[in-house]
Amino acid sequence: MESVIYLLNGFGEVITPFNLLIVLLGSLLGTLVGVLPGLGPTSAIAILLPVTTVLNPAQGLMMMAGIYYGSMYGGSTTAILMNIPGESSSVPTTLDGYPLAKKGRAGAALGIAAIGSFIAGIIGLVGLILFAPFLANQALKFGPPEYFTLMLIALLVLFNLTGFSLKKSVIMGLLGFLFSLVGIGMTTGQPRFDFGFSFLTGGFEMISIIIGLFAIAEVLKGLEENRSLKEPKKPIKIRNIYPSKKDLKQSSLPILRGSVLGFFLGILPGISATITAFLAYDLEKKVSKNPEKFGKGAIEGVAGPESANNATSSGGFIPLLSLGLPSSPPLAVLLAALMIYGLTPGPILFEQNSQIVWTIIASMFVGNVILLILNLPLVGLWAKLTDIPFGIIAPIILLISFVGTYSVRNSMFDVVVAIIFGILGYLFNKFHWPIIPFVLCLVLGPKIETYFVQSMEMSSGKLSIFVQRPISLTILLFAGLILIVSIILMKRTKRRILQETGEHLEFS
Amino acid sequence: MKKLLMLSVTVLMLVGVVLSGCSTKSATTNKDDKGSKDIKYPTRQIELVVPFAAGGGVDLAARSVADYLSKEWGQPIVVTNKPGGGGIIGAQYALKEAKPDGYTVLVNNNSSTTMYEAGNSNPTIKISDNKFVSRIAAGTTAYAVKTDAKWNSFKDFSEWVKANPNKLTWATVGPAGFSAFAVAQWLQSIGVDYSKTKIVSSEGASDSAAKVAGGHVVLAVHTVGEFAPLVEAGKIKLLAVQSSERNPIFPNVPTTKEEGLDGLTVNWWTGLSLPADTPDEIVKKWDEAVAKMEKDKEFIKHLEKIKLEPAYLNSADFSKAVQNETETYTKLAKETGIRK
Amino acid sequence: MTFKLFSEKKISGFIVILLGLLSLHEGKTLYPYSKNLLTGDHVFPGLIGILLVVFGLALFFERKTEEKKVDLPTGKTLLILVSSIVILFFYCLLILFTGYVVSTLITAACLIKLIGKYRWINSILIAGIVTCVFYLLFIVFLKIPFPSGFFTF
């Protein structure tokens, strides 16, 4: 019950005019970036990071959460209106959302997506409040060996997820690891991989690599496709913004099913929003009385996956906040952001900064409400945004990326790194090398190394410590089980993406 | 044709920019030469470089200084965090790359100065690269163990360590970090071989504290402020504080001297330094301003809030203290094998 | 099935092996700092080095050649791609000398001209608006300490 009191305190913190404004601004900015074609939550969080750094940690993170939710919603807007999914988790939304839009019912689809996301977000948050303190309580018992096994397993599961050959995924992961090692070593205090250059002693800044790989590479991709020359896809006129009573009635059960499914699978590390969104879509098709409607504009086909998508994202906060385990790239960026603020997710966070954690959780509730209130009437405006020509958007994205990378450490070296990784990201994309394992290893690499070395220091160099401690052994056994489940689900999702889009899409 | 025109305009603009830049620069240097006795300082924005991440002790102290002095001087003071490399990246930037004109000031602590020099036989940044301005604040060292640990006094604990040196696991941030020197000095005073104890590397004070709370290491040594949240939550307890008087935050915790251990001196501090060839007038300006600041009630209250103690030392005393500390630590590091 | 020396797999395999060797070398130089084989800063460079070499070799000698054809951009597209990257690098340099406002204005104008293919006058106009907004947001409101260059703004 303690957590309810904490949460109420958190609400008290959030509901001040300034904090509300911050949440509102975060949601708006997030939606703004999410609506831009090709930019999903991962890039949105990475390039908007500098905007949050003037604030104190709690407010910065409130804004960050708003950006995250907002960009997810923005992504579904482009999916419905233009048939362009911002992230792979919006692919199922396009299947029925775009046909609905063509029929002139874009408003209904967007409205249902907003409502579905809202309900799923709330359900996910309730789960977060119930589970997180429990996990955090147990988590102090987790020592370095436990964390090491946990992270290693999470990585293995995530590797498997990319939809590319395992060999390429592993190599990319190893390379991510390699880049994370540059800088001062933890146990000796000696610089590693610096080759005598002083600018390398500080290591690479994760955020600048992520901005390069996601935002700059995306712009280069757009340049190659000559998006500026092509007549922009005419977004469909939105006649009626609000969904009808009939729509609401039809989608109430799908929203519920999608949320529950998305949340419970989302707690498990390695089950991403893409997986649950597809599962929810197929589930709706299966239980529907007239499955032939799907793909031609069934409102249930929007409600189910959109809710699952959002519930999974909320569910992902549980392993992130209580154990420090990100289950998807946007959460990995969020983890990196938390570390910039000097907040290391994990049991310590709940012990030492519980006020901040509960304020953030409360702000997520508020953010969801704001998004709902905001998005229904603003749908038309967001749709207009998609009209801005690429020739203006691309330079703006590049300039913001520049500021974003510079401001993390106020270092020009980081900017150069970001540009180089922009080129690399473009080439990786061209040659079908997955970047997600790279990013995850880059973020988790230092932690995995720390936990491994700490374990070895505790056991005087005996590897048996990992199976001798009961919790660590349990994790290893349990992990085997999750691995098998996720492999099966992943195969399925890979096949479904191929069916629906006709290409091997990297997903997360 | 149009393009060519534009290009030439741009080039012209650039040339103009460069020229005007040069002219303003030479003008200011002239002025400096003439008015060397009573210089006008500061006349523009000052950058306060924190070589650590935002939110830590040094950062919070730097922000209080920036708050106070920007009002005092009527010039903006921006705090810039340049973390990485154990404080060396930021120090390199402020002391070696920036102009020694007093507009880039470094906020240091002992882990990036005295301890770094003592622990490294070949340091990138030396003590002599600094011109120490004044000490700002200090934090009291405390020894923490798990709440349900069997020792109830620091004396008991020291006896136990004497009997079982190889059972003592303790956490440190970096091999030549703050905790390492504190523990080394303590072990030396009770006659225990440093290399027999087990060192576990830690990511920071909160990581060390959590490892003690979870029972993964026996001892952590950091400042009182850094331990406060977990002590208040009842997860860890403090055995002793290392200061002449008891700490106002935890008045029940005895000092190391009360526990019969004299001569333990490792304590945390943060202070300002400038590049070695900065004009003395500027150093004096800063020192005078800081001296005034340390008497300000608002400022002292601010330090209390971030759980630090005011510990002002003027330029001469500060430099001397740093020298002494470096000598002590270098001796300690050589004897215990910390120095690499 | 002809043997191709410069296929994607050969080149990437080769690079991966090189990086692996580099990592191994770094592990070796760090080894003397630690007492134990499994504790210390050399462990992960060594481990990752070994794995990279193994996987690099596997990639290099992989039999299957179901490589998809990858079309790299040519001609005008390549030119645009390369010049935008060059402009960005140039921006990094320029900002050191002229500060944020001037360099951003020039960079934005060039990029908008290059990517959007507007007329110069329009490009500069749009760039002016963008720079103003960015200046207010990043410098005035967020106080990001960019190098100030020759100007005080």
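The backbone N, Cα and C atoms fix where each Cβ goes, glycine too.
Note that this is a predicted model, so its numbers are computed, not measured.
Taken from TrEMBL as is:
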DOMAIN    A:20-440  domain 'DUF112'
TRANSMEM  A:20-49  transmembrane segment
TRANSMEM  A:106-135  transmembrane segment
TRANSMEM  A:147-164  transmembrane segment
TRANSMEM  A:170-188  transmembrane segment
TRANSMEM  A:195-217  transmembrane segment
TRANSMEM  A:260-281  transmembrane segment
TRANSMEM  A:331-350  transmembrane segment
TRANSMEM  A:356-376  transmembrane segment
TRANSMEM  A:388-406  transmembrane segment
TRANSMEM  A:412-428  transmembrane segment
TRANSMEM  A:473-490  transmembrane segment
Inset, instruction - Could you tell me what the rest of the chain brings near the transmembrane segment (A:412-428), counting residues at least six beyond its ends with Cβ under 8 Å? - result: 172, 199, 204-205, 208-209, 211-217, 219-221, 224, 401-402, 405-406, 434-435, 438
Legend entry - Proximity verdict for the transmembrane segment (A:195-217) and the transmembrane segment (A:473-490), three or more C-beta pairs under 8 Å: no
Legend entry - Long-range environment of the transmembrane segment (A:20-49) - Cβ separation under 8 angstroms, sequence gap at least 6: 14, 55, 59, 62-75, 77-78, 82, 84, 86-87, 207, 210-211, 214-215, 218, 221-222, 227, 329-330, 333-334, 337, 340, 363, 366-367, 370-371, 374-375, 382, 385-386, 393, 397, 400-401, 404, 407-408
Inset, instruction - Give residue numbers and ranges for long-range contacts of the transmembrane segment (A:260-281): same chain, 6 or more residues beyond its ends, CB-CB under 8 A. - result: 87-93, 95, 120, 123-124, 127, 131, 153-154, 157-158, 160-161, 254, 301, 304-316, 318-319, 325, 327-328, 482, 485-486, 489-490, 492-493, 496-497, 507-508
Legend entry - Candidate ranges A:356-376, A:388-406, A:473-490 - greatest C-beta contact count to the transmembrane segment (A:106-135) (under 8 angstroms): A:356-376
